[in-house]
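Working notes for the structure below.
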Amino acid sequence: MPSRKADLIVGIQWGDEGKGKIVDRLAKEYDMVCRSQGGHNAGHTIWVDGVRYALHLIPSGILNPKAVNVIGNGVVLSPESIIKEMLQFENLEGRLFISDKAHLNLSYHSLIDQAREKLKGDKAIGTTGKGIGPAYSDKINRVGMRVGELLNPEKLCERIVEHFEQNRDIFAILNINMPNKNELLEELKGYSEKLSPFITDTTQLIWRALDKENKRVLLEGAQGTMLDIDHGTYPYVTSSSTISAGACTGLGINAKDIGKVIGIVKAYCTRVGNGPFPSEDLGKDGKLLGERGHEFGTTTGRARRCGWFDAVACRYASRLNGCDELALMKLDVLDGFDEVKVCVAYELNGAQIDYLPANLDDVKPIYKSFKGWDKTEGARRFEDLPKEAQDYIKIIEEITKTKVGIISTSPEREDTIIL
């Protein structure tokens with residue numbers, strides 16, 4: 001029997017595209033949902049029957065009672081954060097598994113993150129302050145602590161104290177105090193007690209699901225392509241690989257294991273934090289998009305910067321990820337605009353370009369305007385959309401060279417058009 005392929009959901013803007021709703025909507029078709037990278041800086045908001053769920057580490061498939069949910073080795077895991085998140089749900093044993101190879105994001109990582117951002121002043125990247133960068137830095141520097149070490153909290157405590165002693169001068173500069181050893185040990189024992197039942201070799205779990213059990217597996221990325229450490233708007237990026245290729249390293253699978261790739265995009269664009277954003281609208285339309293779309297970060301609560309759909313960035317991200325189709329989210333937020341705009345090219349040094357240069361700071365958007373429409377909210381069939389909205393979708397398909405296969409017309413799970 002040939003191995004089954006794993007399908008992949010990937011954000012192809014600056015994160016916050018609505019991946020959570022799509023994973024939740026599709027999860028009933030899958031036996032396993034896997035998260036491959038990032039940490040509790042990422043946030044999914046899912047509405048089911050009027051109830052809001054905020055997820056940061058747990059895969060969105062958790063709302064499907066029959067799905068197994070996996071947090072892979074590429075994730076940096078905050079024990080405190082995931083334990084709080086788990087309180088939203090019951091009977092998680094056997095439904096949630098955490099890689100023993102995932103790295104720990106501990107409280108001092110957040111302190112380092114916040115201290116460094118403060119030192120940068122007006123040159124700060126605008127991180128969430130959740131310690132993601134420092135946790136990944138420890139991983140790359142080969143001094144990180146892994147989730148599997150929680151199974152022996154006494155030994156882990158010794159390692160953390162040793163780490164502080166070896167980096168005493170650095171911590172002193174950042175005004176971070178060494179933890180009390182006894183208090184630290186009790187804290188780690190608490191984490192160990194609550195998380196030990198969920199810690200396992202998740203790579204073997206996924207291999208078995210694909211190779212032997214013929215399970216349907218869905219892979220879930222965090223953040224978005226434009227925040228990728230290599231291919232995003234560096235240095236205003238996250239610390240992990242957010243593209244489809246990153247799912248392989250973050251879960252321990254190979255490229256041949258990937259089947260269908262679905263790219264998630266909003267019908268407009270948003271960004272949290274600093275960094276270039278070519279199609280940002282600083283006027284009344286941008287403000288209106290933010291108000292209608294309730295554009296506040298799930299993790300930070302910060303207002304998101306808003307602008308028009310950037311087809312240049314979308315085409316780039318779709319090609320980079322190998323997207324088979326797009327899921328177009330929040331189409332209803334554009335309801336009522338007299339006209340809507342699409343960024344179809346950039347101007348750089350007086351010349352028109354249709355690609356992303358390494359630095360987006362100096363590009364200016366070139367727009368095409370299209371007639372707006374009255375209402376798409378709640379539509380569940382393509383035929384129910386106004387002609388202008390249908391034309392808008394076709395324009396996006398044409399410019400991005402990727403078909404739109406899913407359309408979301410409200411936050412509710414069922415207000416989704418599958419083409």
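Using N, Cα and C of the backbone, Cβ positions are placed for all residues, glycine too.
Keep in mind it's a predicted model, so treat the numbers as computed, not measured.
In the shown protein chains, 28 other C-beta atoms lie within 10 A of the C-beta of ASP16 (active site, proton acceptor). Annotation comment: Swiss-Prot describes ASP16 as active site, proton acceptor.
For HIS44, the entry in Swiss-Prot reads active site, proton donor.
If you draw a 10 Å sphere around the CB of LEU331 (GTP binding site), it holds 24 other CB atoms from the protein chains shown. Residues or ranges marked as GTP binding site in Swiss-Prot: 15-21, 43-45, ARG304, 330-332, 408-410.
According to Swiss-Prot, the feature IMP binding site maps to ASP16, GLU17, GLY18, LYS19, ASN41, ALA42, GLY43, HIS44, THR128, ARG142, GLN223, THR238, ARG302.
Summarising the annotation, Swiss-Prot assigns Mg(2+) binding site to ASP16, GLY43.
GLY301 (substrate binding site) falls within neither a helix nor a strand when secondary structure is assigned with DSSP, and so counts as coil. Taken from Swiss-Prot, the feature substrate binding site covers THR298, THR299, THR300, GLY301, ARG302, ALA303, ARG304, and the record attributes it to sequence analysis.
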Farthest-apart CA atoms of ASP16, GLU17, GLY18, LYS19, ASN41, ALA42, GLY43, HIS44, THR128, ARG142, GLN223, THR238, ARG302, residues recorded for IMP, distance in Å = 34
Considering only the recorded positions ASP16, GLN223, GLY301, ARG302, which residue has the minimal Cα-Cα separation from THR45 (GTP binding site)?
-> ASP16
Within 10 Å of ASP16 (active site, proton acceptor) (Cα basis), scanning binding-site residues ASN41, GLN223, ARG304, I find GLN223, ARG304
Might you list, by sequence position, any residue in that chain lying six or more from ALA303 (substrate binding site) with a Cβ less than 8 Å away from its Cβ?
-> GLY290, GLU295, PHE296
Out of GLY18, HIS44, ARG304, LEU331, the recorded positions in the record, which is closest to THR128 (IMP binding site) when you go by Cα distance?
-> ARG304
What is the nearest of the recorded positions GLY43, HIS44, GLY301 to LEU331 (GTP binding site), using the Cα of each?
-> HIS44
